[in-house]
Amino acid sequence: MPFSPAFKIHLPSTKHHLHSSFLKKMISMACVQSSPVTENPSVSLLETCKSMNHLKQIHSRTIKTGIICNPIIQNKILSFCCSREFGDMCFARQLFDTIPEPSVFIWNIMFKGYSRIACPKLSVSLYLEMLERNVKPDCYTYPFMFKGFTRSVALQFGRELHCHVVKYGLGSNVFAHNALINMYALCGLIDMARGIFDMSCKSDVVTWNAMMSGYNRIKKYDEARKLFDMMEEKRILPSSVTLVSVLSACSKLRDLECGKRVQKYITNGEVEVNLKVENALIDMYAACGEMNVALGIFKNMKKRDVISWTAIVTGFVNTGQVDAARKYFHKMPERDHVSWTAMIDGYLRFNCYKEALMLFREMQTSKIKPDEFTMVSILTACAQLGALELGEWIRTYIDKNKVKNDTFVGNALIDMYFKCGNVDKALSIFNGMPQRDKFTWTAMVIGLAINGCGEEALDMFSQMLKASVTPDGVTYVGVLSACTHTGMVDKGKRFFASMTARHGIEPNVAHYGCMVDLLGKAGHLKEAHEIIKNMPMKPNSIVWGALLGACRIHKNAEMAEMAIEQIRELEPHNGAVYVLQCNIYAACNKWDKLRELRQVMMDRGIKKSPGCSLIEMNGIVHEFVAGDQSHPQTKEIYGRLNKMTSDLRIAGYSPNTSEVFLDIAEEDKENAVYRHSEKLAIAFGLINSGPGVTIRIVKNLRMCIDCHHVAKLVSKVYDREVIVRDRTRFHHFRHGSCSCKEYW
């Protein structure tokens, strides 16, 4: 079956323009006076050749002595250029073009060379030339060609080349079968690969390895494990490559039983152990939480590499032992970008975002180039800390250093910009992405929702559906949150109903929590309570917490007490619940009950989580707690805070102490709210940034009413945009008003 004309048009020419007619003439003259190959010292020199310069000298000698025309010499020189790491394919092509009638062996050497340097289109073009010269491919031609294929080239030319395999009588050849399985697995056509596998004789372990590797590539680890079971049934002895593939699948599946079964082939001496197998064993045991076994293998290894150490670091991270992970990380004799990223991810997992950024800076100092996975991790840290300046630097770094900017990086950038309150930049990234997946659209819906752009979030959801992207449960959490933050009760009810009817998504506890929050904030407390009572699953503390938050807004102390009792049963040491109840009692002036509750808190050792605010300035994240006096600029900060309070009083500010649950004098209450962490962060921001620069703050707790009022006035009096991300949402303060429209 011939290739289509279009196939031929788009391929680059492989005729090398550097070879000269002079070279051909010299070789032609040398062939006339050729001498026996075995008598020429050039043959032995080729065996010890170690560089292209050396090879070129030997090549000149073969021309002078006339042995260049001998196929053995031609094969040796071409093999050197095509197989060695420092071999020159341009020189190989020059020599190839001087051979009048290359054998299929020589063509195959060239295919192998182009695969080595990852030039698959040149390989395919050479293949066309081979067919034009009536040279028939053999069983090695296609394996050599396919080995260098990229996914795009495999998709473009794979099927037609498969037809050629059959046409030239290689449809039942085991080497061709294995090459085709690898090729189809590479481009994601796993069913085609499995079809070829099922038709093969399956006597060659390499065939099984190719199919297992294909399943692992597309993350169908269960299928790879099933293949191993079939191998055992058919009594096919696995190779070390098999064991690595199966152990990798067991690691992803956390299948300790199968992993131990695999290890028996090593302990019984049926398969020789090597470094890759030992690393795979460590990874499997670490992934299954058996760190003692993993460490035992690690310590008994005769040789370790960076992968061995990284597997141990990752294992400790996954089992929650970040200190042990750090200990082994610092012991590593060498580290690559994978090991650095593993440790950074460990810090992220335990919310140690500052430590993650410090480690990234250390990675930069060590001259280790990060990859796209490192970038996603660092952008996640920036997002959590609200570190927009550093996040912008990371984006510039990605562009400048040509780090792979794929969908995962794009999604991380969107998340970072949204969590830093920069909606416009997030939209810009989204609009510029060449490819989007379900997670891209979901990040947009959720990001717009938490930034108070409810209508825009729902419009984005509509665009997602028009783009034929199927939403999942997380997407619907974003949709319902958009309705919650903007008070769209009727729309929220319709979306909740359409989850199952339109997309077959059964609501989970998070969706019910959103509905309780939506109805509760709108004042429909009884309806919200009915939702909880009729849930098909047991409500968790988040659901009851949503009702409790609504009780605070609408000052319903009785229903709040009922919600609190439920939360206490679920989380008896949840201090935030007690604090919220104190706030409700204070707002309702129920001081006797408040004193009783505070006594209960003291008796049970329950303490209020301190308010903490983060603000980034010049790439450094500064942290403040209520009443903080540890900052180097403390004197300036409190001086600016006094001036700020004075300016705001002129603009109409009066302290709101309704959420201070201490039964103390009003002056002391005012002093308590005066020293809140976000006010200190705002004062710090005013000192250290120029006029018109946005002040961005991340708060670990819900923003209090007084700080909300202060931020509004700051945005008006100083003509500054102030963005505060608290525990539940964003507040964008501009010109004396907030994006929440007081609905929070």
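Each residue, glycine too, has its Cβ placed from N, Cα and C.
Residues annotated as repeat 'PPR' in TrEMBL: 103-137, 204-238, 305-335, 336-370, 406-436, 437-471, 472-507. For 652-744, the entry in TrEMBL reads domain 'DYW'.
Mean pLDDT across the repeat 'PPR' (103-137) comes to 91 in this model. Tertiary neighbourhood of the repeat 'PPR' (437-471): same-chain residues 407, 410-411, 414-415, 417-419, 421, 423, 426-427, 430, 477-479, 481-483, 485-486, 488, 491, 503, 505, 729-732, 739-741, selected by CB-CB distance under 8 Å and a gap of 6+ residues from either end. Applying DSSP to the domain 'DYW' (652-744) sorts its residues as follows: 34 helix, 16 strand, 43 coil. In the repeat 'PPR' (305-335), the DSSP tally of helix, strand and coil residues is 23 helix, 0 strand, 8 coil.
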